[in-house]
Amino acid sequence: MAKKRASGEPWVIPGGFSVLSLQFSSSSSSRHCLYVKEHKVRAEKSKHRPLDRTLFLVNIPPYCSQVVVKGLFSQFGDIESVELRDHPGSSQESRPTISKLFRPPEKQGFKVGYIVFKSSSSLQAVKSYPFDAPLVVSTEERPVKTGVQKWIQQYSESFIQPDRLQQKVDNFMQNYDKHKEEEAERKKKEAEKQQEEDEGWVKVTRGHKGAKARPHSEAANEKTLQKEKRKKKRKELLNFYTWQHRNTQKEHIAELRKKFEEDKQRIALLRAQRKFKPY
Amino acid sequence: MKKKKQSIEEMLVSDSSQNEDQPAVQAKRSKPEVPSEEVVYHPIKLSRNDLYRPPSAEELNQLKEAESLFHCSLLKMQMEELLKEVVLSDRRRQQIDSFIGKVTEHLQTVPTSPKVEVSDLSWLFGSVKVPFLLMPKATKGKFHMTPPASISLIGSYPLGTCIKPHIRVDLAVTIPAEVLQEKDFLNQRYPRKRALYLAGLALHLSSSSEVGTLRYSCLHGNRLRPVLLLTPPGKDSSSVTVRLHACPPPGFFKPNRFHPERNNVRTEWYTGVQTAQPESSDPPTPHYNSSVLGDLLPRAHLQFLSAVSSQCSAFSDGVALLKVWLHQRQLDQGTGCFGGFLASMLVAYLLTTHRVSNSMTAYQLLRNSLNFLASTDLTVNGISLAKDPDSSAPSLAEFHSAFQVVFVDPSGHLNMCSDMTACTYKQLQYEASLSMQFWDEPTIDGFHCLLMTPKPMIRTSDHVFQLCDLVKLQSTCKKQNLLNDLMDLSGNYVQAALPFILSLLQQGLGQRIHLLTHSLAPDPEWSVDSEAPKYKAQLPLSFGLLLKPELAASVLEKGPAADNPKAVEFRQLWGSRSELRRFQDGSITEAVLWKGESVCQKRLVPQQIVTYLLQLHADIPEASVRHVGGIDDVVKTGSEVPTTGEEESLAVVQAYDDLSRKLWNLEGLPLSITAVQGAHPALRYTQVFPPRPLKMDYTFFDKEKTSRSLIPKEGKPCPAYITPITVICHMEGSGKWPHDRLAIRHIRAAFHIRLAELLKTQHNYTCRACPSHLDVWKDGLAFRIQVAYHREPQVLRESVTPEGLLVVRDNEEAQQLEMATIHKPLLTSTLHGLQQEYSCFGAVCRLAKRWLASQLFGDDITEDTADLLVASLFLHPAPFTAPGSPQVGFLRFLHLLSSFEWRNNPLIVNLNNQLTAADYTEIKNGFMASRESLPVMFIATPKDTKSSMWTKRAPTVQMLQRVMTVAAESLKVLECQLMDGKQIQDVRVVMRPPLDAYDVLIHLNPKQVPLLSQAVDPPSVNFSRGVTAQGAAHSGGALPVIDYNPVFLYLSELRDAFGDLALFFCDPYGGTVIAVLWKPKAFAPAPFKTSQVSGRTVKVTGNEAATVPNVEAILEDFQVLGKDLVKSVEAKTDKWSF
């Protein structure tokens, strides 16, 4: 059983998480628990989450958006960034150019979050926050829309002007084309590089421009293997030696036996299920 | 010991399978009556030694035989198993024999009573009554009780053709000759004495402790032939019934007395009116004659059959199979049935005429019998078992003039089918030919169709109606002057009027039906101390129609030309409804026009005809005819002309065709369109409530200025839901398409924009382009166009490994895209074709889906799955024929759901008839080989033989089990209600789901439920939803609110947030309740892990932190997330407080 906690004290559970309580509005009668901890990973490569200033929190209810979380935690100190995700994990730098419209829709479930504070002292402030003083999500000053209000808002926000959309598409495609061109350029350069190394030697590699190389794909590999196999098979002699003939016959009988047993079992199974009782 | 251990293991396995991931729905609600889950087919593994040991010659033969006769031998094995189930065991026979022995012994000791007048019943003390309706009362003659002259077994039991479960043993008790008089065959004297004798026996037996219950009944509903039913005392009383028949001594009456043209019931006696006419002018009484004669011959028949049976070893098995076949078709019981006795006689006929040989097996006997029935019409060409009839025996022609169906017994005097109506025989013939049709079809499980599937009338006939007040048939007899028949049938006015009514209906319905069937009045049973029940106490007579779909619903009955002599006949039949009409081709003919505008009204034309004809010619008031139906009420819409959606669907399809044509003809697209395909149920006529063209009331909405669109207003009721109808638009492949998923997505968006522009400028449609789709507002309907590129799934599957190797991997995203752009359009067009072939396909789908949705299974059996299931009913109807009305289709859908063995069988839906028998075998083998990894519900189609793509996601084992249970229950309730005239017809009963099984109910605010009016029980108050009453919108104008349904949005939020804690169920068509079921597994305390703390609260025990769901907070979240939509959250259980 949970130990009785003195009021006004933080609650730290085994595993190092501090528990904060959170309620939707001041009139709510029940509370969710937020579990927070300083962000600690053995090898954090990303610059987005500096180890000493990042707060890791789990179990953020679905109605808390990035803005709400920012609002809730700004009382502990200035916040640099808030990142909400479905699952904990290292931050990936996805291609920044994709607009929200072209991303698959987000899941509206419980989230985990990474809050980067401006100063590391804020972390301590959060962790020592008492359990029995709940954070309130929706207040008079910062009302949070849910339910019908939210859906109507979502609906009206889903409209996008065709020319703006077109603009986005054009931008993306320009980038894409540029990217493609660069890629082609790079390849060409590489090929040229291969052409002439110093002292006039030419290093011969696969993928020479102009020469038709075998496509480098799994399907092609598979195809070649199949071809080889077929070739082998064609050369094989079937039922040529007596032992081969005998083997084939043996296999045939074994096959029949197997089938017979299967049928027998099928019937037995049906009988067991009383499937022969007509009414 | 070993066995015990195994069974425990099995239990464990079945236990754990229930706890898997999903809540134990099944364990919670259905009684564990379905043991099928435990018995599972495992591909057998023979050891190497077993497989390769040297074969014996015998084994080799056996194997070879099985190989060459595979299909046949499986059927043979199945039939053998079936016979084992129905044949009596030796132990049972011994029990019965000993009981018979006791009864026989006891009967010998009947005390003799003094001779009295027949009408004097003083000797019959106690409460025992005489099983006879005395009409008229007067009888001459004397009677006294004496011990029987002899007692012997007759019928199926001594012959060995008796089958379970209703074991009836017939015992013939011979009335001593001194009780009878020579002239007793006249005027019901003998039948009355027979009844008295039975009453005497009943009186004697009632004092005995050897006998359980004593009841009266009568043979095949013939009141002249009462029988006494005995059961053994104690617990096995229901297992066997002994029927005591009283018979005259053999040869007591001369058989030629009972020639079908002779009279044995005098009019004078029957009517009680003295007439001057001579006796010879009395009408013949063939039915009376044959019922007396029938008592005279049973021993001779037994002898004959035993002789035949001793010649043919498979006789009894063959008869048993035929009896099972008859029983499944409800042809073996009641008045005028084709019972077990006739079945034996038929097989005997085939054997004695050498149509089958004595060495044939039971399987072959059944086959030949059915073949004979299918090909021989006994209503025209009767058959006779008499080898060399004596000269006094009547000829076949004489039999035919007296009876409808003729099958003469070995003596040559008795027509064994005397009570059978021509309709019953036609039904028998039809069933036999149907059975023969699918016997050899390799794709059909013949065994199952022939012998295992019951065919009750309600599930067989397209339209069923009942005559409730049978008393009304008296007036029919009066009106049609059927006194002679009444006399012949000893006052049984139901039997007397039936042939007339049948021929009337046959004539009136004519071309509209394939077959007219009627129920056989069941044998009445009553206790020995009550009077014989009157004829009117019978159950209602049911009639079934098998409709010809193309003609049944025609509103016009065109008769002969006015000057044609047949016109008189026509006018006579139709009475005042017949009128002269002039047609477009210039002809002037008699015609009858029935009411009916919409398809669903036209479907009722046969009903109108039946009611009208019965009223006109048979004096049966409309109120006494009860038409079974009304299921389609639940999908009915339309205020002025009620429709069940056919018209609306057609309008949608026409609008779509127009749009598709316009898309094809668009000018100025950078790439051309290669295909426009519909991918929405509304475009295949199966949308439960097809979208109707709407016109919006602009004042009801907020407006989005820049894009000229309407937006729902806060505080107002939710606006009407506008279904977007999905249309897939395939674009030509070209080198210009990029080879990158994101780029394709962008290009697609560009296409949407372009299409929107063109549609706006060239056709003035209001459009809204999004990256994923394009909404087009056209004539009051919303179409959602999605541009597709055929190589995109391929692109999604390709990826490059770090080594630079191009690999192709199947993934969810690609599959979903293929589903949406390839498979769904294909399914839609295929099913669209099916609707053209079977006009009520769409209606059945709508009913089925309405039921699924109302029972909250909409997310488990998806729309596509349901449509496929219904399609299978139409494509593979065996042993029925394709449903001809929505009702029968729906009942069969429920039956399919409740009875299909999904564990061990794939459901193969042979769309477009593309699969061959070899494909079937291949599918079945593939299914068997990898059963464990395949979806629980496996549906194979020609385009999808291996993976069952439509059922991959759902249902789960538990939900399927639940669906099956509920379907079985619904079917039971519904059939019971439909066939029982006393119950109030409220088909909605099966659409109201039991809610007490769920843990939490979220009640919704009806104001925010846009589809409220589609609810099963439509509310009395409705809200204004921003739709103007008149007509559909024209093109142009502001874009309405499309695809905005708070209930769907709320559900998806709930599932996103709490999907791993609970299941959410809701009726999408106007349901105002969301039912929540906690997942038991989620409620077990779990160790604290950052990936598994959603919505959970922590408990610390010592050094360990465990989490459990924070139910109070979650319940509040339900409120918060659905603000303004949720009215209240009602927690029904306190499961979390353990």
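Placement of Cβ uses the backbone N, Cα and C atoms for every residue, glycine included.
Residues or ranges marked as coiled coil by TrEMBL: A:246-273. The compositional bias 'Basic and acidic residues' feature in TrEMBL is assigned to A:178-194, A:215-227. Under the heading compositional bias 'Basic residues', TrEMBL lists A:205-214. What TrEMBL lists as domain 'Rrp7 RRM-like N-terminal' is A:16-76. Per TrEMBL, domain 'Ribosomal RNA-processing protein 7 C-terminal' is recorded for A:157-279. What TrEMBL lists as region 'Disordered' is A:178-233.
Sequence-distant contacts of the coiled coil (A:246-273) (same chain, six or more residues past either end, CB-CB distance under 8 Å): 238-239.
Mean pLDDT for the coiled coil (A:246-273) in the predicted structure: 78. Secondary structure by DSSP for the compositional bias 'Basic and acidic residues' (A:178-194): 17 helix, 0 strand, 0 coil.
Remark: secondary structure over the domain 'Rrp7 RRM-like N-terminal' (A:16-76) totals 11 helix, 22 strand, 28 coil, with classes taken from DSSP.
The DSSP breakdown of the compositional bias 'Basic and acidic residues' (A:215-227) into helical (H, G, I), extended (E, B) and coil residues amounts to 10 helix, 1 strand, 2 coil.
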